[in-house]
Each structure stands twice: as structure tokens, then as C-alpha cells.
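A.B. asks: Below: one structure in C-alpha cells.
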């Protein structure tokens with residue numbers, strides 16, 4: 001900075017965490033964490049496939065590493081005749097878990113993977129996903145992004161059926177619940193997995209994106225509110241160039257499903273579309289098909305987590321037909337309209353809250369006459385029950401200090417947030433999806449308005 005220039009400094013923060021959490025007078029806690037990224041891949045045509053499925057999943061998880069850095073796992077299958085799944089799970093980063101030896105162990109033409117942050121269960125190896133359950137009809141593996149709102153209610157129902165649970169993870173609960181027969185029963189004693197999945201979705205409409213693997217197929221499932229992201233990609237032959245538009249006529253060498261589209265290019269996959277809210281997609285070596293779409297309660301809109309745009313997603317991912325980076329840019333434009341200030345320096349992010357004070361001091365010592373903070377999201381005021389670790393209002397610093405008090409606390413001349421209306425306007429400015437009139441976004445952590453009301457942990461929920 002040119003110290004001769006006496007101008008206002010405007011640190012714009014894209015990831016609105018610095019002034020969100022922690023003690024006002026002490027050490028600030030770490031920022032928000034999101035529970036998990038999921039990924040699945042399957043080869044098309046004759047098996048064993050020529051695709052290196054375990055390597056594809058590993059690369060896919062690397063692209064989703066920002067969604068979870070505590071633990072990760074990959075489960076693969078060699079087909080219908082295989083006796084068991086191949087499993088590698090562990091604590092830490094992808095690069096530390098999946099070395100060459102681990103990848104060699106993960107043989108198969110189909111597989112799913114998971115990278116995890118913990119919200120509903122402790123950060124321990126026993127909670128590493130995907131969860132695998134061995135049933136009378138074979139093994140079942142499940143990877144889950146989100147958090148069940150009515151977890152306690154569903155847990156009681158599962159325990160009443162005599163099923164034991166080895167962890168407090170709602171992801172294990174989902175896995176065990178799928179192993180129970182649906183209420184209408186099944187013919188010839190064979191499991192009707194789509195019926196079981198639909199039954200689970202009626203019991204628990206929020207919040208999850210799931211990849212469920214049997215020996216020879218994957219089910220990709222998104223909750224009826226579409227609260228958590230999930231998208232499809234097509235793996236094309238090496239000699240075919242990737243293009244921006246998906247061409248249905250091009251033969252697929254394989255299919256992938258992922259929490260975000262950001263990793264598709266690195267594995268030679270083309271983005272196809274998002275999994276629709278409530279949709280159950282079956283993926284086999286013959287291709288993909290929609291099994292069913294489970295509807296939301298009448299007059300309820302989609303409730304896609306708006307913080308995917310603000311903070312969680314990688315900037316090159318696509319949601320609702322638009323790139324996350326473009327939405328964040330639009331948030332900055334809207335913020336400048338709502339709270340204009342002349343600026344020389346723009347700060348891209350403030351994460352934990354323990355650096356902004358010293359930075360402001362340095363800027364003023366360098367000659368800045370004023371330092372103004374602008375936050376590109378509204379203040380977080382309410383807990384999230386759907387997969388983000390904001391369990392209590394007491395953790396949120398915006399409930400302790402208003403904008404003026406917070407500015408004084410960190411030593412800035414002013415502090416202003418983007419409004420909820422401004423954030424929604426920025427997010428919806430360029431949405432390109434079918435049934436766009438039904439598009440909706442969850443702003444519960446900002447507004448206190450929850451998609452299905454405030455959950456009560458001491459009573460059964462009726463969503």
C-alpha cells in the first residue's frame with residue numbers, strides 16, 4: 001500500500017466466519033464446518049471395467065477435500081459374485097490414507113467414497129464412512145452428507161426392531177434403517193431397495209445426500225427438500241474431448257455422482273445435471289435411470305442450503321445452472337450497492353477471527369485513515385440442525401455484539417453485512433434450472449425460518 005494515499009480500506013470477506021463464532025474476549029473458535037462430501041463411480045459395459053474405479057474415486061475425493069478433512073473412506077465391489085466389499089478407511093487427509101498399496105487393495109468396477117467433518121458424532125475412526133452392513137441379502141455400503149433432523153425418533157424405531165447401533169452417527173442409523181423391511185413387505189423374500197429408500201425418505205425428509213452401494217449397483221439419493229447438493233457426471237472415452245454442454249448421444253464409459261461438480265474435469269467426466277430434490281437414481285453397468293422422485297409436503301419449496309454458495313462449495317462448482325464463483329461475485333456487487341465505501345485494498349477472506357485485529361492495526365500504521373469491514377453474507381444468528389456445526393445460539397458472535405459493537409471490538413471504523421434479501425437476490429440472479437418457480441433456499445441460520453419448523457429432540461417429529 002502507498003502510505004501517501006490516505007484512503008478508506010475495505011476488506012471484503014467472502015467466507016463470513018471471522019466474526020461469526022467464538023468468545024468475544026478470548027480465543028476465537030475455528031470456523032464453520034460442513035459434514036462431508038460423497039462420491040460414487042461405476043464402469044459401464046462388461047466387467048471387470050477398464051476404468052481404474054478406486055483411483056477415480058480417490059481423485060474425486062481430493063476435489064471434495066474442502067468438505068471434510070477429519071477422515072475418509074472408499075468401498076469397492078468386484079461385482080455380483082464377489083463375496084465381500086473391499087474397504088479402506090482412516091483418519092486424516094486423502095493423501096495420507098490412500099497410498100499406492102491402499103489403491104491396489106480397492107479392486108472393483110463399482111465403488112463409493114466419503115470425506116468427513118463431524119457434526120453429530122465424534123471425530124473417531126469408528127465413525128469413518130462409508131458404513132458397511134452385512135445383511136442376509138449381501139453387503140450394503142452407505143455414504144452420507146447432511147444430518148438427520150429427526151435422528152432421535154428414527155433411532156428409537158430402529159432400536160425397537162432389535163437392531164444394535166455401534167456409534168452415535170446418524171449415517172450408521174441410515175444404513176441400519178435401510179436394512180429393515182418396508183411396512184408393506186417384500187415379495188419372495190427379496191429386498192426391494194428402492195421401496196426401502198422411499199420409506200426412509202418419508203420417515204426422514206431432511207437432510208441428506210446419499211450414495212448407497214450394493215454389489216452391482218449404486219443408488220444416488222437426495223432429500224425431498226434438496227438441502228444438500230448432489231450431481232451426476234458422465235465418464236467419456238479418453239479420445240473424446242470434454243465440452244461444456246452434455247451430449248446425451250455420446251456413449252458413457254462410466255458414471256459418477258458427487259457432492260460437487262468441481263472434480264469432474266480431473267477424472268475425464270462431463271457434468272450432466274444435479275440430482276433433483278427427492279430423486280432416487282439407479283446406476284448400473286447398463287446406465288442410469290430415475291427410479292422415483294419423492295415429493296415434499298404440499299406448498300413446501302426446495303430448501304437448498306444457501307451457505308453452499310457463501311462458504312462451503314468450491315468456487316468452480318455448479319449449482320442450479322450457475323457457477324459458485326459467479327454468485328460470490330454477484331454478492332460482492334450487491335454488498336457494494338448496500339454499503340458503499342471507497343476502497344484501495346480488498347481482503348478475500350477472514351476465517352477464524354484472530355487475525356483481523358492485527359491486520360487492521362497494520363493497515364492503520366501504514367497510513368490508512370479508515371478501515372471498513374464489509375461481510376458478504378448476513379450475520380449468522382441461529383443454529384443449524386441440518387449438517388453444519390452451529391448447535392447453539394451462544395456460539396454465534398453476532399448474538400453477542402451488534403455491527404457497531406463488533407467494529408469497535410476489532411478496531412475498524414465500521415462493519416456492515418450483506419442483507420438476507422441481498423444474498424437471495426445475488427443467488428437467484430442467474431439461476432438456470434427446470435421448474436425455477438419452485439426454487440427455494442434454506443436461510444435458517446440467518447433468519448430462524450427452518451424448512452420444517454424447529455426440531456424438538458424430545459418428541460417425534462412430523463415433517
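Cβ atoms here come from the backbone N, Cα and C positions, even for glycine.
A TrEMBL annotation is a machine prediction, not a hand-curated record.
Marked as active site, nucleophile by TrEMBL: 36. Per TrEMBL, the feature [4Fe-4S] cluster binding site maps to 305, 384, 442, 445. Residues or ranges marked as domain 'Glutamine amidotransferase type-2' in TrEMBL: 36-286.
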A.B. asks: Using the Cβ center of 305, 384, 442, 445 as the [4Fe-4S] cluster site position, which other residues in that chain lie within 8 Å, going by their Cβ?
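C.D. replies: Apart from 305, 384, 442, 445, the close residues are 227, 306, 307, 386, 388, 443, 444, 446.
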A.B. asks: For residue 445 ([4Fe-4S] cluster binding site), which of the three DSSP-derived states applies: helix, strand, or coil?
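C.D. replies: It is helical.
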A.B. asks: Tell me which residues of the chain lie with their Cβ under 8 angstroms from that of residue 36 (active site, nucleophile), as long as they are six or more apart in sequence?
C.D. replies: 67, 68, 114, 115, 116, 117, 129, 143, 144, 145, 146, 259, 387
A.B. asks: Since the record lists 305, 384 as binding-site residues, which of them has the fewest other Cβ atoms within 10 Å of its Cβ?
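C.D. replies: Fewest other Cβ atoms within 10 Å, among the binding-site residues 305, 384, is found for 384.
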A.B. asks: Please list residues from the chain of residue 445 ([4Fe-4S] cluster binding site) whose Cβ is under 8 angstroms from its Cβ, counting only those at least six apart in sequence.
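C.D. replies: Those within reach of residue 445 ([4Fe-4S] cluster binding site), by Cβ under 8 Å and sequence separation of 6 or more, are 307, 380, 381, 382, 383, 384, 388, 390.
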